[in-house]
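Take a look at the structure below.
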């Protein structure tokens, strides 16, 4: 098995008031992938980034880079660079000198600096902007300058601390494509932190979902979206319908007063569970044809779909994304298939969750 590029082994970070920001965190980062640390403010994602960068020390535990323990290695000796949320550009320097700054500090020859800065500008599509003042650049252009300044030093890892948060929605979407494309061109490891689940789903090879100093679940965007480990992940990653249920037996679950075939298994008979169905997986139909009968409460037009909120006979609330319209107050049916149902156990560890999925997916 290939050695991880970065490893955290039982890392804890505490402050003087004994508040634990990271609680026994362990994970591996492989070379050449795009990773996202995803979670709300205060979950510990920025602390992980700072420990990797050498800007903060772990209270206990070990951090490895290329198989070597780096807890005591200073920040300037680590093969990582950081793009900060505010970009941290020098306003008194033009674009060229901002990008060249780190190379000059390292006393790289002038001709080599010019070659590397020119290549970095080409990579971020800012050819010809060498003499432009930072104050004359748009938000998206400033971000590209910050990225060029980071990649010009040939890091093995690029750390990105919520760099899209200050941009408007359209520009954020454009920069998601650009960052993903740039990572593939460079072939280096990107570690991106955000609280925006859409950014994480769009760009990542792997996502680490954090909450309260713990990594709750890790996996590909598809795995985490389709098979969240618990209520927190299901609710945080996209919109979800989450209702209480009973796992009758393998591939049969009860919720909303009825039993439905599903694709989940490996649980105890009649075990209390939570059931997730994504809004886009619910299909509007007539009450007679629907597996669930519901009453429409409200409807909003969102451009690409209608957002329809409904209530079933037991009081469960359902959110539906549909291209079909519904009328508030009318009774309708909701249709879905076994593969649209995801069943979650209470208090299941990620290790047990992965083992259970493997047991019935093989």
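Yeah, the Cβs are placed from backbone N, Cα and C, and that goes for glycine too.
Among the features that Swiss-Prot reports, domain 'ABC transporter' is placed at 6-237, with the record citing sequence analysis. Feature annotation from Swiss-Prot assigns ATP binding site to 39, 40, 41, 42, 43, 44, 45, 46.
Same-chain neighbours of the ATP site beyond 39, 40, 41, 42, 43, 44, 45, 46, judged by a C-beta within 8 angstroms of the site's C-beta center, are, in sequence order, 195, 210. Taken as a whole, the domain 'ABC transporter' (6-237) shows an average pLDDT of 92 in this prediction. In terms of local Cβ density within 10 Å, 39 ranks first among the binding-site residues 39, 41, 42, 44, 46. The Cβ of residue 40 (ATP binding site) lies under 8 Å from the Cβ of 195, 211, 236, each of these being in the same chain and 6 or more residues away along the sequence.
Counting every protein chain shown, the number of other Cβ atoms lying within 10 Å of the Cβ of residue 43 (ATP binding site) is 23.
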